[in-house]
Amino acid sequence: MRIQVESRVKSLEDKTKIPYVVGSKSPTAVAINSASKAGEWIKSKLGMHQELNTKVSPQDLVTDVDKGAEMMIRKLILTHFPNHDILGEEGVAPGATASAAALSKASQSEYLWIVDPIDGTTNFVHGFPFFCVSIALAYRGEVIVGVIYDPIKDEMFVAEKGKGVYIHGNRGEVSKEANLSDSVIGVGFNPDREFGLPTNMKGINALASTTRSLRAGGSAALHLAYVAIGRLSGYYEVGLNAWDIAAGALMVAESGGIVTDTVGKPYDIGVHHVVASNGKIHAELLETIKAANATGIA
Ligand code: IPD
Ligand code: CA
Ligand code: CA
């Protein structure tokens with residue numbers, strides 16, 4: 001019997017001239033499975049990375065675990081969707097020019113997976129338990145699936161276009177704050193010391209005195225997931241890449257929030273300077289960032 005099955009598979013390969021494909025899983029299930037497997041492996045490597053290198057600045061870290069996790073995710077995705085394209089952070093040369101070129105090329109793809117194998121590498125390296133795997137799928141440039149997995153808290157955030165955001169089966173909703181003064185906003189100390197960090201510092205300075213408080217956890221994707229389920233009222237950071245934002249942006253939009261660039265243009269996968277919020281404080285957040293000259297957009 002087994003021999004028969006194998007020979008049928010072989011004849012299918014011969015007919016189609018493509019490798020046999022495991023085709024029964026939905027993209028969302030594949031994203032969840034990939035994030036979960038990679039996340040568990042990353043957690044098992046906590047404190048045990050073998051290589052530590054830097055990218056655009058001495059503060060921009062990468063380890064063998066980032067690379068291994070991305071390889072694992074790529075293999076899992078391609079097992080199910082061998083014709084899809086993948087834009088993964090560790091497959092792109094460091095720096096804004098290379099990432100812009102990679103994104104421009106990838107934007108032509110019909111189905112594009114956008115992967116950050118570890119968002120929060122600095123935290124991973126220092127044992128600070130706040131990092132995640134972020135996986136998104138875009139169809140013709142529009143994000144339709146977003147999955148973010150925090151292996152430390154074992155929290156899996158899942159969003160599908162038009163279907164909301166879920167964390168372990170419970171639907172997520174944005175928070176209710178209507179004023180910046182009642183809000184807790186996530187921010188980032190961007191590793192780019194020439195442009196990203198100084199610009200963010202102007203925004204952080206303005207927001208520190210106009211909000212209830214700020215949080216800089218060190219993972220853009222987890223901050224966005226937290227906005228989506230109401231743990232943060234909003235998030236602002238200049239100088240991010242598509243893989244930091246794509247999955248989380250869908251989550252915020254699907255939970256009733258708003259995601260734009262720092263001058264209020266609706267989110268697309270080319271956005272680098274992001275403002276996400278529960279919607280109610282969005283205008284005030286944008287105004288504060290603009291008044292502080294902290295949009296990063298000329
Ligand atoms: C970084 C994190 C961090 C943010 C940086 C990102 P990485 O991603 O999201 O919170 O401030 O701008 O580069 O390098 O840990 O994947
Ligand atoms: Ca990242
Ligand atoms: Ca990363």
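Just so it is clear, glycine is given a Cβ too, placed from its N, Cα and C backbone atoms.
For the Mg(2+) site, TrEMBL records Glu89, Asp116, Ile118, Asp119, and the single candidate of Asp244, Asp261, Asp268 listed with them is Asp244. Summary for the binding-site residues Glu89, Asp119, Asp244: the Cβ-based neighbour count within 10 Å is maximal at Asp119.
A C-beta separation below 8 Å, combined with a sequence spacing of at least six in one chain, links Ile118 (Mg(2+) binding site) to Ile42, Thr63, Val65, Asp66, Ala69, Phe124, Phe131, Cys132, Val133. Every protein chain shown contributes to the tally, and the Cβ of Asp116 (Mg(2+) binding site) ends up with 33 other Cβ atoms within 10 Å.
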